[in-house]
Each structure stands twice: as structure tokens, then as C-alpha cells.
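Going by TrEMBL, these are the annotated features:
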DOMAIN    34-144  domain 'Plastocyanin-like'
DOMAIN    157-306  domain 'Plastocyanin-like'
DOMAIN    408-542  domain 'Plastocyanin-like'
SIGNAL    1-22  signal peptide
Amino acid sequence: MESWVRFLVLFLACLLPGLVESRIRHYKFNVVLKNTTRLCSTKPIVTINGRFPGPTLYAREDDTVLVKVTNHVKYNVSIHWHGVRQLQTGWADGPAYITQCPIPPGQSYVYNFTITGQRGTLLWHAHILWLRATVHGALVILPKRGVPYPFPAPHKEVNVILAEWWKSDTEAVINQALSSGVAPNVSDAHTINGHPGSVANCSSQGGFTLPVEKGKTYLLRIINAALNEELFFKIAGHKLTIVEVDATYVKPFKTDTIVIAPGQTTNALITANQNSGKYLVAASPFMDSPIAVDNLTATATLHYSGTLATTPTTLTNPPPQNATQVANNFINSLKSLNSKKFPAKVPLKIDHNLLFTVGLGINPCPTCKAGNGSRVVASVNNVTFVMPTTALLQAHVFNISGVFTTDFPGNPPNTFNFSGGPSANASMATTNGTKLYRLAYNSTVQLVLQDTGTIAPENHPVHLHGYNFYAVGRGVGNYNPKKDPKKFNLVDPVERNTVGVPSGGWAAIRFQADNPGVWFLHCHLEVHTTWGLKMAFLVDNGKGPNESILPPPSDLPKC
């Protein structure tokens with residue numbers, strides 16, 4: 001019977017292709033432990049289906065995706081489909097205690113969402129504790145069938161997932177840091193598709209190999225799934241043509257180095273146009289503040305077909321760790337395609353003009369001996385976010401009182417020299433709260449994210465759930481509301497879901513609140529999220545069912 005149904009669907013697809021345009025795609029994600037060896041050391045890690053990185057989820061634009069996640073480990077689990085708009089389907093977004101209660105051990109939940117008006121590279125990852133260190137993978141959205149890319153079709157497409165590896169259990173790493181009040185240990189290595197590459201003191205450690213044929217062009221879908229580090233990525237002897245970031249097309253440009261923050265994706269074309277041989281692929285940290293990072297470069301190999309394994313590899317030097325100009329050159333080159341088919345619809349009239357400071361602070365902690373009675377915290381507008389024990393979206397939809405308030409400040413409570421060092425007006429202490437900022441449906445928002453140097457200036461990759469936004473401006477120092485907007489790009493700014501707030505500077509974004517629900521905004525450096533650099537927007541329903549959040553699914557986990 002099943003074969004007849006399949007035959008009928010295929011027959012209809014050939015006969016009436018317009019009627020069978022989108023489809024339903026089913027995936028099964030089993031959350032399981034897997035003993036894994038890296039850096040000549042073995043430990044059990046949390047994985048999806050026993051794989052690190054996890055399986056790639058493929059879909060086409062307008063497909064509906066159903067992922068049944070079954071939890072077989074001791075931790076509570078939730079999965080976030082990073083960058084998927086989740087129009088009206090906030091229940092499937094995934095951040096624990098924001099849009100859902102997590103999936104308890106031994107239970108399942110089906111994430112059910114439709115990919116509307118999006119195509120390109122995104123990622124999925126765990127969104128609870130530090131589990132996304134190993135629970136992550138690529139989410140590849142192909143264009144509708146028959147719709148070409150707005151760039152030359154590649155010979156082949158390859159996922160390149162960048163991440164971090166700790167020899168220790170990552171949950172133990174962050175728990176020890178939280179109990180002591182100080183920063184957690186940095187990772188022991190970076191990885192490319194799960195492998196660090198050549199590492200001193202571990203000769204058995206292999207690396208990822210990317211086979212290429214001379215003259216052919218390849219599309220690299222590059223994903224930064226690292227917990228805490230922005231990365232440079234380059235390939236010896238080859239230029240990369242950038243065609244997309246965060247699943248939005250950009251005006252193509254050539255570069256030899258990309259910078260990519262946790263949560264960001266970059267699609268790059270590479271043509272195998274050099275002499276046959278082996279060429280080094282390198283992923284190294286970008287940090288332009290005096291903050292400790294894992295300084296180990298992950299390596300892989302671009303291998304031309306017919307090249308002997310004994311052939312020496314052509315090397316490349318990664319940029320210096322603090323190469324701010326290299327990063328700026330890349331970021332400033334990103335422009336929306338802004339074509340007739342893919343226009344940049346930048347909001348010009350603004351309803352909410354917001355300024356959020358993002359940075360670190362210090363609060364009292366009598367039990368934190370390593371922190372001398374204090375602990376490092378992080379905040380947005382001086383509010384360190386307190387995670388609720390009931391999911392915010394459930395509290396909103398079911399009118400459960402006492403879970404959150406809607407008095408998140410639209411501007412900093414104290415004005416001081418934000419990007420300067422400690423000053424008399426700049427309190428190290430923060431306030432605690434579960435505060436949301438309320439937006440009417442379809443209202444327009446300009447949000448300026450301002451880094452603070454109260455403890456140390458630092459680059460913050462800030463991710464907004466449920467939306468794409470336009471990055472209309474950025475600068476160093478304190479944002480000037482009179483002068484800086486005159487320099488905004490309102491014609492073809494890059495469209496993203498995760499934006500880097502420059503160290504000691506600011507970034508301005510604009511979006512239209514056309515997706516009802518509760519949507520998380522947070523730094524995608526996991527340590528900062530853990531410390532409280534997060535908040536959420538509550539977007540009210542509009543008029544009628546098409547502008548309202550859908551009812552919750554029957555299998556939604558309970559807290």
C-alpha cells in the first residue's frame with residue numbers, strides 16, 4: 001500500500017508540479033551519550049543520534065519540518081532551530097524556559113514548524129545549559145525546486161562546522177565557574193567538522209579533509225557552533241567569494257579571510273584554481289580585548305584529486321588574534337543583495353527607539369571564595385536576567401501571573417561613558433529580574449546595542465529569536481543619537497539574525513515586529529548568556545488568526 005501512495009505522489013509531482021511544491025519532512029533526533037575521543041582523551045558527550053557534529057537537517061523553502069526529539073540522557077533538553085523565523089509557531093523555537101519547558105529524561109517532543117520565505121544555511125543546537133557544545137548541526141534550506149541560486153551553481157556543497165572542544169565535561173566546567181564566581185576555563189581546542197586537526201602531543205589526532213577537483217567550484221556552508229569564541233576562517237592560496245550570511249543573500253565579494261561569531265553562518269564559493277596539492281584550512285580565534293581565549297588553531301586540508309598523501313601541505317598564517325581591522329573589513333563588506341526578487345525592506349519609520357547597553361558587572365556572592373565574595377554577572381541595560389521556572393510563552397498565552405513583568409527599560413537607567421573604563425557613574429552592580437519589553441504587532445523597532453567597558457570592553461554577538469533584522473550601522477565609542485543615524489545604511493544593509501557588537505562600540509539594527517510571541521534576545525557567547533546577558537521581547541497578537549500565535553501542541557513539555 002505504501003509503495004502505491006509513493007507512486008501516486010511521484011506521479012502527481014511530475015504531472016502537476018505546482019500542486020506538490022512543498023512537502024513535510026520528518027526527522028528523528030535521539031539524544032544519547034556517546035564515548036568520543038579527541039586530543040588523545042576520551043569522554044562521554046551528549047549527542048544527537050550518536051554523532052558529533054549532529055546530523056544535517058535538509059529542507060526546502062516553504063517545507064514543513066517535524067522533528068521528534070527523544071531524550072535518553074540525564075539532562076533536561078531542548079533544541080533551537082537557530083534563525084528559523086517560526087512565524088506563529090513560537091512553541092517550536094526551542095529555548096528552555098522561554099518558549100517551552102525542556103524535555104525531561106525519557107520523554108519526547110515534536111518540533112513542528114514551516115520554513116516560510118527563507119533559504120540558505122542555518123544551524124540547530126541545544127538551548128539549555130552548555131549542551132550545545134556537542135549538540136549542534138547544520139540546517140540547510142534549499143531554494144524552492146526549480147529556483148536557481150543568484151550566483152553560479154556550484155559543483156558540490158560542503159558543510160563546514162566550527163566548534164570548541166573541552167577535555168573536561170562542559171557542564172562541570174560551567175558549574176565550577178558559577179560556584180566560584182569567576183570565568184570558566186577556556187576550551188582545549190577548536191574543531192572543524194568535529195576534528196581539531198594537527199595537535200602537538202597527540203600524533204593520532206586526524207583532521208577533516210575537503211576533496212576538490214581542479215577547475216571546479218564548491219559552496220562552503222560555514223557555521224560557527226562554538227560556545228564562546230568568534231573565529232577567523234581562511235584557506236591557503238584561495239580566495240572565498242561570499243554570497244550569503246545567516247540565510248540571506250549578499251552582494252558577492254571576494255576575501256581571503258572571514259570572521260564568524262557563534263550563531264552566525266557564511267556561505268562562500270571557492271574555486272579549485274591553484275596547482276594540484278594540499279592546502280591548509282585554518283580556524284583561529286578573534287578577540288580584540290584582554291580576555292583569555294583558546295589560542296589553538298583548528299586545521300583541515302583542502303586536497304586536490306590526484307595529489308599524493310605524502311605531498312607537503314601549503315600553509316597559511318591565521319590573522320593575529322586581535323586583528324580588528326581584518327574583522328572590520330569583512331563586516332563592512334556585507335551588503336544585502338537588494339534585488340527585485342530579494343529586496344531589502346528596511347523599516348524607515350520607527351515606533352520604538354531603543355538603546356540597550358550590553359556588558360559585564362559584579363554582584364555580591366558570599367559563597368564565591370575564588371571571587372573574594374563576588375561573582376561576575378552580565379546584563380542588558382543593567383538588568384541581569386533571571387530565568388523563570390515556567391516558560392515565558394506559556395505564562396503569556398495562559399495569563400499566568402508572577403512569572404515576568406513587562407517593564408524592561410528601553411534605555412539605560414544610568415548614563416555614563418559607556419565605552420570607557422570604570423567611572424564614578426558606572427556601577428559594577430546590576431539588578432536582577434525577569435523583565436520583558438512589550439511590542440505591538442507590526443510595530444517597528446530600532447535597537448542600538450552599546451558595549452560597556454565597566455569591567456572590560458568586549459565584542460558581543462547578539463542573537464534575536466523569531467526575526468531577521470537589518471544591521472544599519474556600527475561604530476566605535478559611544479553611540480551618538482544626533483550624528484550617527486546620518487551615517488546609517490538604509491538602502492542595502494546586511495540582513496542577519498546575529499550581529500556582532502564591536503568591542504567598545506555599538507551596533508544598530510532595525511526590524512518589524514510581525515511575529516507574535518515571546519522572543520529571546522541574548523549574547524551568543526554562552527558564558528555571557530549564563531551570566532545573564534539576555535532579555536525577551538513580548539510581541540502581542542495582531543488582528544485575526546493569521547496575526548496570532550497558534551495554539552500550543554498537545555505534547556508540549558510541562559515544567
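Just so you know, the numbers here start at 1 and follow the chain as drawn.
Just so it is clear, glycine is given a Cβ too, placed from its N, Cα and C backbone atoms.
Per-residue pLDDT, averaged over the domain 'Plastocyanin-like' (157-306), rounds to 96. Helix, strand and coil content of the domain 'Plastocyanin-like' (408-542), in residues and according to DSSP, is 10 helix, 58 strand, 67 coil. Residue counts for the domain 'Plastocyanin-like' (34-144) under DSSP, split into helix (H, G, I), strand (E, B) and coil, are 6 helix, 55 strand, 50 coil.
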